[in-house]
Amino acid sequence: MGHFTEEDKATITSLWGKVNVEDAGGETLGRLLVVYPWTQRFFDSFGNLSSASAIMGNPKVKAHGKKVLTSLGGAIKNLDDLKGTFAQLSELHCDKLHVDPENFRLLGNVLVTVLAIHFGKEFTPEVQASWQKMVAGVASALSSRYH
């Protein structure tokens, strides 16, 4: 999972303060569902997921994406205890929803892509390195309840 340096924490927190959680969340989850279509099976109740435009415009996708990134915002405040922060969500996704833990890694990588698109030149290789470490840590924490 890796240890977060003070520089990592500052880099992650600084960029996070500029993220529009609603826009980035909807785009991140939407892209996950388009790029990795097998993930759609966890979102049967979301209605029309028949095409990229249907997915990207789907209000339930946008709302859940916002919820996901809001949860991530809580983790950013607790980078030294990601496992504790995500204990309940890990249990839910493992025991009740049966989500493949690999999907957490995929979602993290899609988020990094979205941040790169949104922030352009500001999303330097150093910023990306800190964010990759963070999304890997979150994916690991969310996978911690799996047997």
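Keep in mind that glycine also has a Cβ here, set from the backbone N, Cα and C atoms.
These come from Swiss-Prot:
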type: BINDING; residues: His64, His93; note: heme b binding site
type: DOMAIN; residues: 3-147; note: domain 'Globin'
type: MOD_RES; residues: Gly2; note: N-acetylglycine
type: MOD_RES; residues: Thr13; note: phosphothreonine
type: MOD_RES; residues: Ser45; note: phosphoserine
type: MOD_RES; residues: Ser51; note: phosphoserine
type: MOD_RES; residues: Ser53; note: phosphoserine
type: MOD_RES; residues: Lys60; note: N6-acetyllysine
type: MOD_RES; residues: Lys83; note: N6-acetyllysine
type: MOD_RES; residues: Cys94; note: S-nitrosocysteine
type: MOD_RES; residues: Ser140; note: phosphoserine
Distance, Lys60 (N6-acetyllysine) to Ser51 (phosphoserine) (CA atoms, angstrom): 15
Cβ packing number for Lys60 (N6-acetyllysine), 10 Å threshold: 15
C-beta crowding around Ser140 (phosphoserine), within 10 angstroms: 19
Distance, Ser53 (phosphoserine) to Lys60 (N6-acetyllysine) (CA atoms, angstrom): 14
Inter-residue C-alpha distance, Ser45 (phosphoserine) and His64 (heme b binding site) (nearest angstrom): 12
Ser53 (phosphoserine) versus recorded positions Thr13, His64, Ser140 - nearest by Cα: His64
CB within-chain contacts under 8 A for the residue listed as 'phosphothreonine', separation at least 6: Ile76
Among Ser45, Ser51, Ser53 [modified residues], residue with fewest other Cβ within 10 Å: Ser45
Cα separation, His64 (heme b binding site) to Ser140 (phosphoserine) (Å, whole number): 21
Number of helical, extended and coil residues in the domain 'Globin' (3-147), per DSSP: 115 helix, 0 strand, 30 coil
